[in-house]
Amino acid sequence: MKKEGKKLKEKVLKPVEKEAVVVSDDEAVGSESEHESVESPVVSDYENFPEGDDDRNSDSELDSGSGSEESEFSEDEDAEHQSNDGGLSDGVDNLDQGDQSASEDSREVVDESDSSEDEVGPRNTIGDVPLVWYKEEEHIGYDVAGKKIKKKERLDKLDSFLARTDDANSWRKIMDDIEDEEVELTKEETKLIRRMLKGKAPHADFDPHAPYVDWFAWDGAKHPLSNAPEPKRRFIPSKWESKKVVKYIRAIRKGLIKFDKPKEEPRFYNLWGDETEESRHGLSYIPAPKAKLPGHDESYNPSLEYIPTQEEINAYQLMFEEDRPKFIPKRFTSLRSVPAYEKSVRESFDRCLDLYLCPRARKKRINIDPESLKPKLPSRKDLKPYPTTCYLEYKGHKGPVVSICTDPAGQHIASGSHDGTVRIWEVETGRCIKIWELGEPVQHVAWNPLPEFPILAVSMGQDVFVLNTGLEKENKTIADLLRVETIPAPDDSESAGSSVSWSQYDKYEGIRIKHFKTVSSVEWHRKGDYFSTLTQRLPFKLHGLPVCSTFHPTRSIFFVSTKKNVRVYDLLKKKFIKKLEAGVREISSVSIHPGGDNVIVGSKDGKLCWFDMDLSSKPYKILKSHPKDITSVAFHRNYPLFASSSDDCTAYVFHGMVYSDLNQNPLIVPLEILHGHTSVNGRGVLDCKFHPRQPWLFTAGADAVIKLFCH
């Protein structure tokens, strides 16, 4: 019985000798006797699964009676019964027990469910993020609820070795770095891993040499598919492939084909080194600008032309410190006689401050054709009519003509000059039909917008004259309007509170309005029943001196311009509405579009600002057209035109189309530059006005000439 048990024992343990456990060097701590006392070997990774023959290890395992579990998962026993975990103590009895345990294990495997409902999702939800990023953190990731997953305490190498020695199933356990937990492999998983390491199919049921199933139906076939012999080229190596291989080898040797070398991350880096941009991660590295190299003037023996004279040195002392030269050249006979530079420490300190404090930014330059950046504007031929040439000149004034204005019908034009006269001209003939000699320089003239009341308002000094032009002689209503009843002289208290006084001007059948301050401009309301005068004393609170004023063309809104901004007031509610900030040096003139939603502002630094009141209080567009001060701006009543005049003796005509669609921005196109006036005492064109019905432009210059430009 003992011999038969021995034979059975050798037959059962034969595959175990082929799959003996290989113990690593770290685990071979003791001597052979100590090694025999270890019940089960320790494997650190699943790559070191037992494959080779080791008679000594197998004998020690059999003598110890612990029973190696490798014998349970050997390849030869996949189709047979599995052995018992307890080992083999008696031959036949242990085999019976092994059969029972194998049947129980097989039943447990069958009872396991492959349903996807039993699968549990990963606890850590970081995905494919490298775990190196969490190396210095206290957590390993985040769970489904977004909470941090704390890292578990790891045992040191000695404690982990002792723990694996005491645990018989330690060779099955692997560490899941993502979940930060220890996972024990099942028997089926160890079988799959062992088969894959040997280059076999993971599942034992797979038959790589299954019988061929012929899909062709040979029954009744009279002729074969092909009876041609195999060609010789199928048995000879291809010479073209060998030539291609030789070609690649030569290209590699010559360096034409280069292989990317794996990047090695340096363990240490130079803290004070100057790294290049390729090796730097994160923010882009911008090298510091180099210091300026010394020139000829900083030589110890410069030429005489670089050495300043004593007068120049004295002149340096009168200059500001920013404009004063940093270094004054001196001449020495030899380099040995050059003293130490007294500002070396200071300049080195300033250089360090510049490198440390001054930010450096990288600007990306793009090669773009400048012509492509220009907006595509319509052709000027499609925007006609607009004034282009000088058609007529009105001469007669002896001083600069500062203001002009046309009547509502467009048949006459009034002009005021510094020679103290106001003239009325016929537009088509250029004939002067009336002259008023007022004796003081005229500042502004304004025609009443109602055709049935040809009344002219003139401002000069502290007076405003409302005059009857006499163009409608049979109209007695005008004479009644321009008659003021005699008012008794007011007391001193009343005169102190009143800023104007009305009186009859019998010399020219008009009204004289005396103001407390100098009147700079006069503007009529669209209905012709009100007019405004601009002085330094206004009922509104202004943050600055007033420059000009105008009425809204359709609503009861009043615009008052200061040197920096334009303030908008509601006359009915008597309150402030909006402030238009031009952002220019000083505003000189303002004009309102006939629609009432757009405003143009001229400034004394040559800029013309277009405001869209529905869009913003900032300029929609700023046109830098004139090199000198803009004196006047004007809109046309019927045509999409606006113009600006300047002291550079020119007038610019623009196309300004305002669309009814609020989503479409206004179209601004420069059309023409009108010349013809001459400069007098640095002044050019002082005023410009459009004809009320035709696309004509009137300009008044400092050369005492009025010009009419037609299309």
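The backbone N, Cα and C atoms fix where each Cβ goes, and this holds for glycine too.
As annotated by TrEMBL, compositional bias 'Basic and acidic residues' applies to 10-20.
As annotated by TrEMBL, compositional bias 'Acidic residues' applies to 48-62 (among others).
The feature compositional bias 'Acidic residues' is assigned by TrEMBL to 69-79 (among others).
What TrEMBL lists as domain 'BOP1 N-terminal' is 134-387.
Look at TrEMBL and you will find 1-130 tagged as region 'Disordered'.
Taken from TrEMBL, the feature repeat 'WD' covers 394-435. Looking at the repeat 'WD' (394-435) alone, the prediction's average pLDDT is 91.
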Checklist entry - How many of the residues that make up the repeat 'WD' (394-435) does DSSP mark as helix, as strand and as coil? => result 0 helix, 24 strand, 18 coil
Checklist entry - Are there residues at least 6 beyond the ends of the repeat 'WD' (394-435) whose Cβ is under 8 Å from a Cβ of it, and what are they? => result 441-451, 454, 456, 458, 460, 467, 469-471, 680, 683, 686-687, 689, 691-694, 698, 700-708
